[in-house]
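Q: A single structure is presented below for examination.
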2 protein chains.
Amino acid sequence: MDTEKGLLIVLSGPSGVGKGTVRKRIFDDPHTSYKYSISMTTRDMREGEQDGVDYFFKSRNEFEQLIEQDAFIEYAEYVGNYYGTPVQYVKDTMNEGHDVFLEIEVEGAKQVRKKFPDALFIFLAPPSLDHLKERLIGRGTESSEKIQRRVDEARKEVEMMNLYDYVVVNDEVDLAKDRIQSIVEAEHLKRERIEAKYRKMLLEAKK
Amino acid sequence: MDTEKGLLIVLSGPSGVGKGTVRKRIFDDPHTSYKYSISMTTRDMREGEQDGVDYFFKSRNEFEQLIEQDAFIEYAEYVGNYYGTPVQYVKDTMNEGHDVFLEIEVEGAKQVRKKFPDALFIFLAPPSLDHLKERLIGRGTESSEKIQRRVDEARKEVEMMNLYDYVVVNDEVDLAKDRIQSIVEAEHLKRERIEAKYRKMLLEAKK
């Protein structure tokens, strides 16, 4: 096999940070060459949604059988419905040499880290975190209780970052998109990756 | 001190690969915010050159005194003239929070790696290396001697890459420039760097 294996790119972050919006902006860009891994769910299809485009829609029974067959990279239950990332599409697409993009919750990202330790993990951070300092010490008018709550919240978000390789602040959707694209481009240019490719060529040349 | 320290960016590669051209293109871009570290030399000033713009021009005696004072990050002698990177400008500029950009020879880059192990080392590779395979096995008409020479040359270039973090092929100057800018942007978004900044903010908030 000649094709270089694609990357697995995982975008995650606290809920409400705007992961879906950033992901859509990335895939609206005609230059984006990653493949989006469509999730599977047991929730009802909504007006305007299509099976195999927005989600793969499955019955609870089908989903649970797939769980038993270890067919998910990650899955979780939210408000009574299952959501998961089927492993087969991800593996096939990477083997074809394409980068695969997942946009998932923080809990799911933890599961992916275990199965794909070499994936590229990008944490999307709320802009409030970037202005933390001004918000916490810039003005002296806040109650200490309110400040403490913000410190605790921010600390939780900082703790979450730990398993990620990169942190992108979602201050502006287009900037966040550009940063993510730069990170992926740089990842492809890492010396280990490129040196390995050349060494393989040199070995083949000797045959 | 509040300012985050700047990065040291080192662009190097085999001689003749086009380092100077790529560097100029980067600094022609108005978005480039890195500072270029001007080299010091004992060679004569050429028509159109300015002291402190193209180089700092020094006498042989001055240069050797600076060597003794350990005032260079790296220096070397080429065709009877010294060339070197003064350490003071680099350190001051990084401490002010700016990224500093060096464009130097491979031997110099080795010296920098020892003094600044955390710098970002980018290897500019000749496009011929990228087409190595076609050139080596694609056509059957070449003499085995000629092929062997190409393999040896390519092997030397691949060995050189070893101390670098990233490899950028200089197939097109604008593409090489974009790749280098992506690498630097990604470096600023590494989790360790950003997490440390947030942790510092949180600590300060507790005071």
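Cβ from N, Cα, C; glycine included.
TrEMBL: automatically predicted annotations, no manual curation.
Copied straight from TrEMBL:
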- B:GLY13, B:PRO14, B:SER15, B:GLY16, B:VAL17, B:GLY18, B:LYS19, B:GLY20: ATP binding site (BINDING)
- B:6-185: domain 'Guanylate kinase-like' (DOMAIN)
Q: Going by DSSP, is B:GLY16 (ATP binding site) part of a helix, a strand, or coil?
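A: In the DSSP reduction, B:GLY16 (ATP binding site) maps to coil.
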Q: Determine which residues of this chain, when B:GLY13, B:PRO14, B:SER15, B:GLY16, B:VAL17, B:GLY18, B:LYS19, B:GLY20 are set aside, have a Cβ within 8 Å of the centroid of the ATP site's Cβ atoms, and list them as they appear in the sequence.
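A: Neighbours found: B:LEU124, B:PRO126, B:ASN170.
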Q: Per-residue pLDDT averaged over the domain 'Guanylate kinase-like' (B:6-185) comes to what?
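A: Mean per-residue confidence for the domain 'Guanylate kinase-like' (B:6-185): 91 out of 100.
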Q: Around the C-beta of B:LYS19 (ATP binding site), how many further C-beta atoms are within 10 angstroms, looking at every protein chain?
A: 21
Q: If you count other C-beta atoms within 10 angstroms, which of the binding-site residues B:GLY13, B:GLY16, B:GLY18 is the most crowded?
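A: Ranked by Cβ atoms within 10 Å, first place goes to B:GLY13.
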Q: With a 10 Å radius around each C-beta, find which of these binding-site residues (B:PRO14, B:GLY20) has the fewest other C-beta atoms nearby.
A: B:GLY20
Q: Got a sec? Which of these binding-site residues, B:SER15, B:VAL17, has the most Cβ atoms within 10 Å?
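A: Per the Cβ count, the most surrounded site is B:VAL17.
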